[in-house]
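> For reference, the structure I am asking about is given below.
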Amino acid sequence: MDRAVSQVALENDEREAKNTWRLIFRIAILLLTVVTLATSVASLVYSMGASTPSDLVGIPTRISRAEEKITSALGSNQDVVDRIYKQVALESPLALLNTETTIMNAITSLSYQINGAANNSGWGAPIHDPDFIGGIGKELIVDNASDVTSFYPSAFQEHLNFIPAPTTGSGCTRIPSFDMSATHYCYTHNVILSGCRDHSHSHQYLALGVLRTTATGRIFFSTLRSISLDDTQNRKSCSVSATPLGCDMLCSKVTETEEEDYNSAVPTLMAHGRLGFDGQYHEKDLDVTTLFEDWVANYPGVGGGSFIDGRVWFSVYGGLKPNSPSDTVQEGKYVIYKRYNDTCPDEQDYQIRMAKSSYKPGRFGGKRIQQAILSIKVSTSLGEDPVLTVPPNTVTLMGAEGRILTVGTSHFLYQRGSSYFSPALLYPMTVSNKTATLHSPYTFNAFTRPGSIPCQASARCPNSCVTGVYTDPYPLIFYRNHTLRGVFGTMLDSEQARLNPASAVFDSTSRSRITRVSSSSTKAAYTTSTCFKVVKTNKTYCLSIAEISNTLFGEFRIVPLLVEILKNDGVREARSG
């Protein structure tokens with residue numbers, strides 16, 4: 001029995017000893033494994049130069065820097081993609097469209113001529129040099145961000161003078177009119193042999209030409225056809241327009257002074273003429289007794305016309321017959337435009353009374369002086385289908401000289417500041433069914449004209465007067481949505497006298513640095529401006545045709561002043577009045 005127990009106890013002791021050694025072996029193996037792993041990790045860390053915990057603090061910063069580098073690289077690539085997209089999707093199609101437009105204009109012009117060949121309308125439609133394709137009649141500067149007055153005119157550039165000057169001391173050249181289409185330009189002025197105040201006889205110079213560039217890249221206006229209309233007709237206040245058939249011109253024919261004309265009972269004779277590409281001039285008198293039956297005096301606006309939708313559009317103005325239907329419909333209508341940051345101190349009722357009286361100045365016998373727009377169908381038959389639009393005086397000021405302009409798809413009417421409002425005005429104009437509609441104007445507070453008191457350059461209140469001078473602005477700078485931002489023009493920088501012609505770029509309140517013709521005592525009168533671009537060089541130029549005093553040969557010499565439009569960081573010069 002005891003032996004059996006001893007045998008069992010011995011077996012238990014042996015089993016426990018085996019278990020103990022197994023445990024020791026397992027622990028030893030586990031420790032060895034841990035040591036080996038630790039050694040391996042340490043070796044790996046050492047070999048890779050890994051950071052210690054204290055180094056890990058800078059990891060987020062390094063990650064941010066790496067992210068910035070990646071973002072910058074992606075942004076740079078995006079700029080390249082954007083430029084490629086702009087070139088492929090925007091600029092190239094636009095250039096092709098401009099080329100197509102010019103070609104279509106030339107084809108249209110040729111089509112008109114072919115259709116009128118039997119009527120001897122002329123052949124050989126001219127066209128500007130290719131450098132100007134897409135740079136005429138377009139929105140030349142499209143810029144949403146830059147200060148308008150950071151654009152400014154260069155010094156006047158020497159170029160070929162395409163305008164004849166007086167050749168005697170008593171000669172007078174006055175009243176320039178200019179218009180340029182995508183294919184050619186038209187120019188006209190009045191010539192009086194015995195001083196600028198003679199109303200009994202004058203002749204009219206009319207020319208057609210194109211823009212050229214010389215071998216050295218200089219611009220010149222090349223006259224291809226011209227004529228001097230020296231006959232028994234006394235054409236006055238002529239406006240010219242470049243159309244597909246040549247140079248269309250609207251003139252009044254007068255034999256009396258302006259005051260006498262307004263005191264007469266019948267409308268003023270008017271004629272629609274054309275200088276064709278063959279150099280021949282033809283003319284037709286309009287039926288003014290029907291077209292202007294409510295008028296006692298009627299004149300073209302002097303400024304250029306515009307070819308729109310198969311018709312030529314001219315600004316006209318004059319006096320209405322008292323109590324005629326056209327006069328009655330305007331009774332009580334008026335508009336008051338205000339100066340920028342310079343409010344009229346007069347009582348509102350008094351301002352309204354003076355504004356109403358401004359349409360009937362005493363100089364013209366109390367007649368209502370009205371603004372209007374005349375459109376004529378362009379065909380081989382002159383004077384065809386004339387339509388007169390008389391805008392309401394709730395939009396326009398007293399009737400005055402003016403100009404119709406087309407830039408891009410926008411049309412404008414410039415109205416001379418003959419009444420109390422001195423800053424330049426450009427009315428947006430829409431056309432439909434042969435008639436025009438004018439809208440509230442853009443005003444350019446620093447682009448003023450001199451005038452007699454109480455309608456001088458700094459005037460701010462409605463008054464009755466006939467004063468000022470013709471100095472039109474040309475739409476130059478636009479927003480991308482085609483809204484007008486700024487204009488170019490040559491103003492007479494004087495309070496009352498016609499002195500000190502100066503060119504500048506203007507926004508609604510101020511002007512750029514200026515380029516003066518000469519000293520502040522230089523006498524001048526009418527100016528008309530047109531801008532265009534040399535697409536090859538992407539340079540924008542503006543032409544101001546200005547009447548400048550000429551003491552040796554005639555009272556005035558008409559000079560084409562050419563500037564390039566430059567850009568800097570902006571030099572603003574506000575008019576203080």
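Note: Cβ is positioned from N, Cα and C throughout, glycine not excepted.
Predicted, not measured: the structure shown is a model, and the values here were computed from it.
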> Looking at the candidate ranges 66-94, 124-152, 443-471, report the one that Swiss-Prot labels region 'Important for interaction with fusion/F protein'.
124-152
> Looking only at Cys344, Cys542, which is named in Swiss-Prot as the disulfide mate of Cys531?
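Out of the candidates Cys344, Cys542, the one Swiss-Prot links to Cys531 is Cys542.
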> For the disulfide involving Cys186, grab the partner from Cys238, Cys247, Cys251 as Swiss-Prot records it.
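Here Swiss-Prot pairs Cys186 in a disulfide with Cys247.
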> Which stretch, out of 12-17, 234-239, 342-347, 414-419, is listed as region 'Involved in neuraminidase activity' by Swiss-Prot?
234-239
> Across all chains shown, how many C-beta atoms besides its own are within 10 angstroms of the C-beta of Cys542 (disulfide bond)?
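Excluding its own Cβ, Cys542 (disulfide bond) sees 24 Cβ atoms within 10 Å.
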> Between the Cα atoms of Cys531 (disulfide bond) and Asn538 (N-linked glycosylation site), find the distance and write it as a whole number of Å.
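Rounded to a whole number, the Cα-Cα distance is 13 Å.
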> Within 10 angstroms of the C-beta of Cys247 (disulfide bond), what count of other C-beta atoms is obtained when all protein chains are considered?
28
> Is Cys251 (disulfide bond) helix, strand or coil when read with DSSP?
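Where Cys251 (disulfide bond) sits, the three-state DSSP reduction gives strand.
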> Report the nearest neighbour of Asn341 (N-linked glycosylation site) in space among the recorded positions Cys186, Cys238, Cys251, Asn433, Cys465, comparing Cα positions.
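Among Cys186, Cys238, Cys251, Asn433, Cys465, Cys465.
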> Compile a sequence-ordered list of residues in the same chain as Asn538 (N-linked glycosylation site), six or more apart from it, whose Cβ lies below 8 A from its Cβ; state 'none' when nothing qualifies.
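In sequence order there is nothing to list, since no residue at least 6 apart has its Cβ under 8 Å from Asn538 (N-linked glycosylation site).
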